[in-house]
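Asks: Pulled these features from TrEMBL for this protein:
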- B:6-33: transmembrane segment (TRANSMEM)
- B:45-62: transmembrane segment (TRANSMEM)
- B:68-90: transmembrane segment (TRANSMEM)
- B:102-122: transmembrane segment (TRANSMEM)
- B:142-164: transmembrane segment (TRANSMEM)
- B:193-215: transmembrane segment (TRANSMEM)
- B:227-254: transmembrane segment (TRANSMEM)
- B:261-282: transmembrane segment (TRANSMEM)
Amino acid sequence: MHKSKTFDLSKTGLTRRTALKGLAAGAGLAVAPGFVRYSQAQSSAPIKIGFQSHRTGIGAAYGRWYEKTTAAAIKAINDAGGINGRPVEVIIEDDGTDPGRGAEVVGKFATQHKTDIVFGTLFSHVVIGSAPAAGEAKMPYFVVSEGHHVASTKLNRYVFQPGITDVKSQIQAMAPWIAANAGKKVTQIFPDFAFGYDHRDYLPPALKAQGAEVIAQIAIPPTESSFTKYFPQIPAETEVIYHVMVGPAVLTFVKELGEFYGSNRPQLFGFIDSLEATDINSPGLEFLDGSHFWEGSPRYAQPDDSAAQKAYRAAVGIDDNGAAVGDPKDVSTAAHMFGCWETLYVVKKAMEDAGYKGPEDRAKLVEATEALTEFAEGHEHPQGPKTFNGKIHQCFGIQNISKVEGGKLKVVHKTKIEDGLYEPEGDYTTQAL
Amino acid sequence: MHFGPHLLLAALEGLVTSAVLALMALGLSLVFGVMRVVNVAHGEFFMLGAVLAWAISTAISGHPALGFLAALVLAPLIVGAVALFAERLVLRRLNYNPEATIVATIGMLYIIQQLALTFYGPEARPVEPPFSYRILLPWFGYSGYKLSVIAASALLLAATWFVLTRTKIGLIMRATQYDSETAQAFGIPVDRVYAGVFALGAMLAAVAAVLIVPISQAHYLMGQDPLLLSFIVVIIGGLGSLRGTLVAAVLIGLSDGIISVFFSPTLAKIIATLLVAMVLVFRPQGLFGTASR
């Protein structure tokens, strides 16, 4: 009866000689140069982060800057001793900004690369397509997507968005400003997929609460290359055009809007997504002067930037105009990519809280992330302070409303965290791990 | 917006689409008509034209019109050379076998697309229009450049038409199309005609791309939609019939513009595809095509 419980050392093949060899090798590694930094760790194997990147497809501009920001954050984390004393390694796989491919990439990270977590997805349809694969593989999946899908609690317990506020909260926080300063009759133009539907669904009630209304909603496929044909649908009595576009043709979208209206235009309130990675001083965009944009984090350096914000910009390598240092034409996706930096620091905090050692501790990591409540502004969170709701896996931060003035974006209003809080729609923590 | 101006805008948008589509579909139709090759890589020659236009116009400093004009001349020539090379290297070795060339051009599609992705990158990059004049109508503004695209395309189409119907080169091409064996017996170098036609087809696609790129930016995936539309146009117009291609391009372009403006762009695509199905069922040779001999 007791036989199955006994453990016979002689049968494991561990001889005195191999034990000595192992000890010697371990000692040799410990004194090797560069190893000292991680010497407290029980295991010095790197923590592997699978980065699901939009390297190709319609999200390529974001993918490139998400990679740059991630590389900068990982360098900062490793220079400061890594996570739990272990170095962090990023493995990048391209998802082609495609939901089907996204799910395959998550599977590849789980079975082939055996990463500790998966991270970094932006486009909402890719997140929604990949989330079931992450849940199935019990793989913590940290997205930087902005969509409301995580907070809606319609995904699963392994999906988190701790680095960027979701669209529903952004809209709720900004609606009072739009109604008070831009106009009461709003026409919406949005991309015809999940991310756009968040705007379609949450703006009308948010504006209604402020005594304004959405009078028309125009959906445009994100792969569209010509936009003038949609503009006659904008009602003549429109006071504000609320626009948010994504995809490779965003510059065409804004240019054609300018051709259509010229300077005789309604007020414009746009999500900077409509011009992310695009120079606002491109020819044909002069009509944008005086219009307003949402920015998650400001593209242009502001006079009141914190020391942390300045250090973050320097680390990522963007100049005061939000373009790559040394290449003023290479404009960043500053309004979104800060989320990669902040998410990686949340992962670090949660892994340290959980005493994370390896994939067997993934459930502990999920619980430790859910236990987080607040992120203070600083080096780890340069965009600003945030609160985190562990039940819906979503963080809430401040939003910036910027005005185009003299070819730059100047922040004219910052919302408060409380402006964007809403009743949770569910609770992930009740789901089994 | 009132019905009149609304229709005007729809017609203008439709004409721009028609103009570009006609050039591109003409290339596709010519290649099929003369060589009996279904060139699936045609959209990638279009994309290559746009990407080269970006490269050439950014390499030339000074007024944007200089770079654009250089692109308008050089990009089609380079694309033509690439097509010529592909024809010599691949299609000729397959003896222009219809089935084999479809598979081969699918391969070419991926090779060109992936090379563009590797060397040009996944970003959409803008090309500055040679001039940016905004025409102010009482109801809306419209890009002057877009109108010039319609004019330029009409000129190029007329030139192609002239070459095909009034010159000796055109006569040789038509003879080859009509009966390549007899043409060969009369001393026409059919082999060289094929090479020239394939290059010319690719150049027409490249010209269309250079014209459209200041409006819609160069991107490595931009060849897919125009390829589909070109096939729709060529099937409706009749494979190999140039007149049919032109009529169908204007028809599809205008209906796309008008249906997109008044209803939705998705509906426009649905109707175009439905039209193809109808044509294939009731008139398989296309509106202007002749039944195969």
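From the backbone N, Cα and C atoms, a Cβ is placed for every residue, glycine too.
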Asks: Looking only at residues six or more beyond either end of the transmembrane segment (B:102-122), which have a C-beta under 8 A from one in the stretch?
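Replies: Counting only partners 6 or more residues beyond its ends, the transmembrane segment (B:102-122) has Cβ contacts under 8 Å with 37-45, 47-48, 51, 54-55, 82, 86, 90-91, 94, 218, 220-221, 223.
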Asks: Are the transmembrane segment (B:227-254) and the transmembrane segment (B:6-33) close enough to be called in contact, which here means at least 3 C-beta pairs under 8 A that are separated by 6 or more residues?
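Replies: When sequence-distant Cβ pairs are counted, the transmembrane segment (B:6-33) touches the transmembrane segment (B:227-254), since at least 3 lie under 8 Å.
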Asks: With contact taken as 3 or more Cβ pairs under 8 angstroms (pairs 6 or more apart in sequence), are the transmembrane segment (B:6-33) and the transmembrane segment (B:193-215) in contact?
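Replies: Touching, yes - the transmembrane segment (B:6-33) and the transmembrane segment (B:193-215) meet the threshold of 3 or more Cβ pairs under 8 Å.
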Asks: What stretch of B:45-62, B:68-90, B:142-164 shows the most Cβ pairs under 8 Å to the transmembrane segment (B:193-215)?
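Replies: Looking only at B:45-62, B:68-90, B:142-164, the most contacts with the transmembrane segment (B:193-215) come from B:68-90.
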Asks: Counting only residues 6 or more past its boundaries, what in the same chain has a CB within less than 8 Å of a CB in the transmembrane segment (B:142-164)?
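Replies: Answer is 9, 12, 15-16, 19-20, 22-23, 26, 129-135, 170, 173-174, 204, 207-208, 211-212, 214-215, 242, 246.
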